[in-house]
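Engineer: As annotated in TrEMBL:
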- 12-29: transmembrane segment (TRANSMEM)
- 41-63: transmembrane segment (TRANSMEM)
- 75-95: transmembrane segment (TRANSMEM)
- 102-121: transmembrane segment (TRANSMEM)
- 141-163: transmembrane segment (TRANSMEM)
- 175-200: transmembrane segment (TRANSMEM)
- 206-234: transmembrane segment (TRANSMEM)
- 238-373: domain 'DUF6545' (DOMAIN)
- 338-358: region 'Disordered' (REGION)
- 374-398: region 'Disordered' (REGION)
Amino acid sequence: MTLAALKQFGADALLVGAVALWIAILVRLPSAIRSPQSRRLLIAAIGIAGSVTVYLDPVTALLRKTYVFADSCGIFMNLWGVLSSAFILDFVLAAVARRRLWLVYGNAVLVSVALVVLDSVSAPQSGCVTSVSVPWYSPFWWILSAAHVAAVAPCTVLCARYARRAASSGPLRLGLRLLAAGFASSTFFWGPVIIGFLLFRPPWLGALFSLNIAVTTWLITAGVALPVILRALAVRTGRRSLRRLKPLWERLVDAAPSIALPQHTVGGLPRWSVDLRLYRRVIEIRDAILILRDYVGDDVLEAARAHVGTDPVPVGDTEAAVTACWLEVAIAAKASGDEPAASASVPEPEHDPSGDELASEIRFLEAVARAQRSESVRRFAERHRRSGESALPRQETW
């Protein structure tokens, strides 16, 4: 790949990455507003997005067509980069409870004034983002690089430190690591890359400018968008579980209508979130199972267990299949008018309780729903019906 092709590839990746980053910021904005920590982190991401955006070729071309910035030779872009760095440093200090607004933004103003003065007195203008004729000792670029590194380097350390502390949350740890990698990439660009180019001027390093910034942009985008993506996946999984549990839930509600909690809708649509609806459905199913357990005796449970033992049942679904078998008998017994036992022992399902308790319960009930539609459960219920035996043992009277 030639240097020209590498530079064009980096420019294209940067353009798409900048658009993706702004989209991620806009999507994340509603939830971030309600959380001070997320809000500050988003401001830091906006700082990176802003500093990247002003360097995009379409943006620089547009700015140069305006009357105000026609002769600025890119100084506006560099000043915006200083302001963006101030946003990032403010986030770091706020995160460690040492926020200093006057110090951060006062220094940003002083640096901006210094850059304007240095740009105006140098020939050619040092602020030209496309200039390669500035001397290696150019105070303009050394000060600009120092301002960026002073902001993004602490942010890298902060995100990495919090990622190590978030050992109990994999998604949070991954998101913080992505953000740390993004800020580290920005530190590398404004430190070794810019300084190295000023000192040695290798053409290949200049061709990597856009690609380096593109890597930064995509890493920050991934870190910002990760919570939104995970939430979307969680909603999708919750809706899928609601669909899978619906046949079992409808069957149990018909058998025990009292377990159905009041439904709240707005405009005919469920009022509550997917998580809450799924939680309610699990509670209702579990309540129905507890009610129907009083309609079968221990002999039915033993018969169900023996029946399941003779059928090829997927590993881990044995207890769910047993539950599905005796549920069919209990539903039929209640429908025929049998009286429930005064007190029956409630079997604890032997599903794996590891991990999140609700998630484990959902997996178990989904297995019950699958088993209830199986031929094995239908055969067990039919055999019990033909036997004419009562679901509950007969009570002796004196």
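Glycine residues also receive a Cβ, built from the backbone N, Cα and C atoms like all the rest.
Fair warning: this is a prediction, and the values are worked out from it, not measured in the lab.
How buried are the listed features, and what sits near them?
Structural biologist: Using a Cβ-Cβ cut-off under 8 Å and counting only residues 6 or more beyond its ends in the same chain, the transmembrane segment (12-29) has close neighbours at 38, 42, 45-46, 48-49, 52-53, 56-58, 210-211, 213-214, 217-218, 220-221, 224-225, 227-228.
Same-chain residues lying 6+ beyond the ends of the transmembrane segment (102-121) with a Cβ under 8 Å from its Cβ atoms: 73, 75, 78-79, 82-83, 85-86, 89-90, 93, 127, 139-140, 143-144, 147.
Residues 44, 47-48, 51, 78, 81-82, 85-86, 88-89, 91-92, 95-96, 108, 111, 114-115, 118, 126, 134, 172-173, 176-177, 179-180, 183-184, 186-187, 190-191, 194-195, 198 of the same chain lie 6+ residues outside the transmembrane segment (141-163) yet bring a C-beta within less than 8 angstroms of a C-beta in it.
Long-range neighbours of the transmembrane segment (206-234) within the same chain, counting only residues 6 or more positions beyond its ends whose Cβ lies under 8 Å from a Cβ of the stretch, are 3-4, 6-7, 9-11, 13-14, 17-18, 20-21, 24-25, 27-28, 31, 42, 45, 48-49, 52, 55, 132, 171, 174-179, 181-183, 185-186, 188-189, 193, 197, 275.
For the domain 'DUF6545' (238-373), the model's pLDDT averages out at 85.
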Engineer: For the transmembrane segment (75-95), find every same-chain residue at least 6 residues outside the stretch whose CB is under 8 Å from a CB in it, and list them.
Structural biologist: 37, 40-41, 43-44, 46-48, 50-51, 54-55, 60, 63, 69, 101, 104-105, 107-108, 111-112, 115-116, 119, 125, 127, 129, 144, 147-148, 150-152, 154-155, 158, 162, 183
Engineer: In terms of Cβ proximity under 8 Å, which residues at least six beyond the ends of the transmembrane segment (41-63) contact it?
Structural biologist: 11, 14-15, 17-18, 21-22, 24-25, 28-29, 32, 69, 72, 74, 76-77, 80-81, 83-88, 90-92, 129, 148, 151-152, 155, 179, 182-183, 186, 213, 216-217, 220, 223-224
